[in-house]
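Asks: Just passing along the structure, written as C-alpha cells.
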Amino acid sequence: MEKKLDFKVTKDDNEIASTSRNKPILLEKRKSQLSIEYRTLSIKLEESRTGTLEDKEKDPNIKKELEIDFHKLSLHELGLRFNTDTSSGLTSTIATQRLQRNGKNLISPPDSKIFKKIFGYIFGGFCPLLWFASLICFLAWEPLGNPPDKTNMGLAILILIVIFLQAVFNGYQDWSSFAVMKSINSMLPSTTTFIRDGKTQTVPLYSLIIGDLIVLKLGTKVPADVRIIHQVDLKFDKSVLTGENKPVSASVDMTDDIYLESRNIGLMGTLITNGEALGIVVATGDRTVMGKIAKLSSNTQHESSILQKEITKFVIIITCLAIITSSLTLIIWASWLRSSYPNFINLSGALINAIGVLVAYVPEGLPIAVTLTLTLVARKMAKQKVLVKNLTVVETLGCVNVIASDKTGTLTQNRMFVDKVHIGNESYDQEKSLQAKNSESLGFCQLVSVGRLCNAASFDPKTADLSIDERIILGDGTDSAVLRFVTKYAIDDSEVDRYIKIAEIPFNSKNKWMLRVMKPKDNINLYNTNRHIVLVKGAPDVLLGNCTRILEPDGTERPLDDRARQSLTDKLSEWCGTGTRVILLCRRIITNESEIPSDTSDLEALGQLSYNLTVIGLMGILDPPRPEILEVIRTCRGAGIRVFMVTGDYSLTAASIAKLVGIFTDSDNIIHTITDLDQLSDKLEIVEHKTSTILESPKKVTSLLLTGSDVATLSDKQWDIVITYDEIVFARTTPEQKLRIVQEFQNRDSIVGVTGDGVNDAPALKAANIGIAMGGGSEVAIEAADMVLLDNNFSSIVVALESGRLVFDNLKKVILYLLPAGSWSELIPVLVNVFLGVPSPLSTFLMICICVLTDMLPSIALMYEKAEKDVLTRPPRNPKKSTLVDWKLLVHAYLFLGMIEAFFSHVMYFHYMQLYGGFSASDLLFAYDKWTDGYKNYTQDQLNEFMYTGQCVLFVSLVVMQSCGNVFATRTRYLSLFQHLPIKQRSKNYYIFAAQVGSILLACFVIYTPGINESLNTRPIPVEFWFFPLVFAVTIVIVDEIRKFFVRRRSPSFFYKLAW
C-alpha cells in the first residue's frame, strides 16, 4: 500500500474548492458544449487508432493527437523528457526560461467575431444590392443631380432603413453562441501548489509551466494537463468534459492507449473529489485538452440548414437577374435613349431607373417574412411541448426520411421493473419470489444479495419514509429496477452492511457489465466466507462465456456443463423473445488473495477477476412500450419515414420490442441478418451511388437486424444494401457505432433525424441533420440537439414533422405571394418607362412600400394556413428535387400572377391618365422627352402631379389585387378556394381578414400622409380607384380557380406539369 503524502489541504485551498462548487448556472451550457466536443474527439481518436495508417494520414490533427505518449512513459522517461526531478521538481532557472518561451498557463480567449457577424447581418442576402442601390441614389441626389432631387436622397435613406431592418431580423434569427469559451478561464482555480527547487509553493495558476511538479488535493481543480506519478485514492470529476458526474479513479500506470481516456492523466479543469496526488505538468494553456477543445468549439462552423441553402440559391438567382436587367437598362440608355431622346432621362434619372430595376427584382420583405414566420411556427410548436433551438431547422423536418431512435425512454416508458428471475432450472415470478423470500431459499437470497451489492443506484434519502415502489432512486433504469426488486425481496436489510467495498469497475457501453470486489467483515453472511468476493452483473451474452459453475436454488453449486449452458441460453432466448431485457448475475469467491491487484484503480487488472465465475441467476426486466408509440410508428411509416431502432440491448430483446412498437411488421417473422447481407452483396448493382437489389424471391424482405459488431465490419457495398431495408434494428451498439450509422445513411442522401437522451448520444445528435433530445435527458444531449421534446413523448415528433412539412408549404405560399407585386409587377413599370417611353408608372419608393409594408401582413397571415390535405400521407420532400423556389413557382409568380397584376394595374394607370388628364394611350406611349413643359398644354408641375397621382393609382391597384385577390388564390395549391374557405373550421384563418385591413390602412398612410406626400411625391387618389381593382382581384381568383380545376383533373396534363 502507498504511504500518505506529507502535505495538508490549506484554508486557501478549501476556499478555492468552495468557490469552484458554486459556479453560476450560466456555465452549464458552456460545459455541455465542451462535453460534445470532447466526446466527438474521443470517438475520432478511437476510430483512427483502430483504422488503417492511410486513414490516420488523412487527418493530421488526429494523427498528432495519437502520437501523444505522456501517459505511456515510465517515471524515469518522464523525468528525462521534461528535464525535471520527480521529487524536487524543476529548478527556478529552467522554469523562468520555459515561461518566457512557452507563455503563461492560460487559455486564449476566443475571437468574438462580432464584427464578422455584424458584417454578415448588413451585407448578407440581398443587402449588397440594396447597399449599391442606396449609394447610387445618394450619387443621383448629389453630385449628379442637376438640380438635386430630394426624393433621391429620401429614397437612399429609405433603402438604408430597409437594410437596417433586415440586419435586425438576421441578428434575431442568428442563435449561434459565439462565446462558447468566454467563461472557460473562470472555471479554473486562480492559484495552485507546486514544488520547485524542492520547496512547496502556492503561486498563481498562470505561472505553471511544462515539467512542473504539482500537488493535487481534494476539492481543487487540476490547473493543467498532468501525468500522475504518485497518488492516494485520487478521484476526478470529469463532468466538465465528459458530462458524466460519476467520479473516475486515478492511476499511476496507463489504463488506455488513448491519452484522453487514460486514468494516469489529469485533465485541466477537472475537479479532485477524493484523495491527493503528485503530478508532472505535460501541457499548459492552449496545448491542454481543454484548450484544444475550447479552440475547436469556438471555431466550429455550423453547416447551413436546407432552408438556408435554398434561400441562398434563390438570392443568387434573383441577384443575377437583377444585375443583368439593370445593366441592360443602362446600356440601352447610354447607346440609344441618351442620343435619340436627350431630354428624356439624364444620367441621374438613368441611374435611378437602374436602381428601380434592382429594387423591383429584390423582394425586400422576404428575409423579414421568413424570420417572422419561422418564429411563429417555433412558438406554435413550443405550445405542443416541442422546443426548437434553431429556427431554420424547422423546415428540415419536412425532409427527414430516416429517424434513428434509441429504445429506453423514447420508444419505451423508462419505467423498468424486474418481472421474473431464474435460478438453476427454476423461474420465479412475483408470487414465487415472495415464497422464496419467506422460505429463505439460499439461491434466491444470494441472487438478491448480488443484485444489491453490485449496484450503482441508491434511494434518495428524502423519500425514505415512502413505500419502496414510491421512493425516488438515483441511478440508471436497469440498476433502479434491480434495486427496487432486491429491496422488496431482501430477507435481511442489514446484509449490505456486512461487506466493505474494495474496488469497482462501473458499467460502460463497451464492456456491458459491472464488477465489484467486496470484503466480508466476518464469515457470518450468505456466502459463509470472509474472503474477497467478486460480484458481476451485466449482459448474458458477454458474461456467460466467463462462467464455469452454476448455483442451484438450494445454494449448492455444480459445473456449468453444456446442458446447463444450453438451458440458460434457451431461457435467455425465450425471455428476450417477449421483449424482456435480461441481465446475468455472477459471483466468484477469491481463494488466492494475491489475485486482488495492489492498485485497485487498475481497471485492466481488476477485469481479470471477471473469469471463472459462478452463475447466480438471470433477471428479466420489462420496460413497457409507450402506449402511443404504435400509432406514432404507423404514422411515420405512412409519411414515408423509416424509423430505425438503435439500442445497446441484446439483439433478441431489441427485435422483440421492435415488433411490439411496430418497427418490425413482417407477419412471417422473416428478419435478415449480416449473413443475408453477405449473400445479397453479389446481387447488388451500383450505378452512380444508386442501388437496386436483384432478388428472385417473390416477396421482398423488409426487416434487418444488425449488431454493433456487424456495423463495425460492414463494407460500403453492404451499406448500400442496408439502406434499401424499410425496417432496421441496430442492437448492442456503442456511441461510436451510432455515430457511424448516422453518417453512413447521410452519405447515401438520407436526411436523418436522431433521438437520444444520454451523454453518449451527443456526437450522433450533433452529426444528424436534425438532432432530437428528450427533455428529461442529459444536458449534454440537449445542448447537442436542434430540437427538444419537453414532455419526453415520442409522439411529439409527429407534431414536429407535421409542422416541418406545413411550414415548407406555407413558405412557398409566402414567396409566391410576395413575388408578383413585390418583384415582377414592379419591374414591368420600369421597363415600360425605359423601353416604351411612358412617364414612370411607379416610383421606387412605392415599390419598397409594397415589399416591406403592404405585403408584409398578408404574407404573415399565410403562415397560419392549415394543410390542404394530410401532409403526413405524402413522402418526405427530396431537397434535391423539390426546392423552395423552382422554375414552376417562378413561372407562376412572374408569368401568370405577375403578368395579370401588371396588366390590370397599368390599365388603371392609363385609365386615370385619360379620365383626369385627357391623355390617351397613344399620348403616353413613346412620349419619351415630350413629357415636359407645354405637353398637351400642361405645365411641368401639372404633368408631374398627374404622374405622381397615377403612380399612386397603380400602387393602390397592386395593393388591392394582392390583399384581396392573390392572397386567396395563393392560399391553396390544389384545392378550390370554396373547399378551403378561411371561415370554415377545418381551414379557418381569420388572420387573412385582419391582414387585408392592415394592408389597406398602410396604403392609405402612404398616400394620404401630408409629410410623405411632400417629401416622397405620393398623392391622394380619387376614391373610385379603390374599387376598380376589386373587380380585377376577383378576376385573379376566378382565373386561378380555373387553373386549379385542370390541375386537380390532371387533364390537360400541361396544367398539372406547370403546377407549383
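Each residue, glycine too, has its Cβ placed from N, Cα and C.
Heads up, TrEMBL stuff is auto-annotated, nobody curated it.
Straight out of TrEMBL:
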DOMAIN    69-142  domain 'Cation-transporting P-type ATPase N-terminal'
TRANSMEM  118-141  transmembrane segment
TRANSMEM  153-172  transmembrane segment
TRANSMEM  314-334  transmembrane segment
TRANSMEM  354-377  transmembrane segment
TRANSMEM  814-836  transmembrane segment
TRANSMEM  842-864  transmembrane segment
TRANSMEM  885-909  transmembrane segment
TRANSMEM  946-969  transmembrane segment
TRANSMEM  990-1009  transmembrane segment
TRANSMEM  1021-1039  transmembrane segment
Asks: Take the transmembrane segment (946-969) and find every residue of the same chain, 6 or more past its ends, with a Cβ under 8 Å from one of its Cβ atoms.
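Replies: Answer is 817, 820-821, 825, 829, 839-843, 846, 849-850, 854-855, 858, 861-862, 897, 901, 904-906, 908-909, 912-913, 916-917, 919, 931, 938, 977, 992, 995-996, 999-1000, 1003, 1006-1007, 1017-1021, 1025-1026, 1028-1030, 1032-1037, 1040-1041.
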Asks: The domain 'Cation-transporting P-type ATPase N-terminal' (69-142): mean pLDDT?
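Replies: Mean pLDDT for the domain 'Cation-transporting P-type ATPase N-terminal' (69-142): 83.
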Asks: Select the range from 118-141, 354-377, 885-909, 1021-1039 that forms the most Cβ-Cβ pairs under 8 Å with the transmembrane segment (842-864).
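Replies: Top-ranked stretch among 118-141, 354-377, 885-909, 1021-1039: 354-377.
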Asks: Determine which residues of the chain contact the transmembrane segment (814-836) at the Cβ level, with the cut-off under 8 Å and only residues 6 or more beyond its ends counted.
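Replies: Result: 314, 318, 325, 329, 332-333, 337, 345, 353, 356-357, 359-366, 369-370, 373, 842, 847, 850-851, 855, 858-859, 862-863, 884-885, 889-890, 892-894, 897-902, 905-906, 925-926, 954, 958-959, 961-962, 966-967, 970, 1060.
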Asks: Mind checking how the domain 'Cation-transporting P-type ATPase N-terminal' (69-142) divides into helix, strand and coil residues in DSSP?
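Replies: Reading the DSSP string over the domain 'Cation-transporting P-type ATPase N-terminal' (69-142) gives 44 helix, 3 strand, 27 coil.
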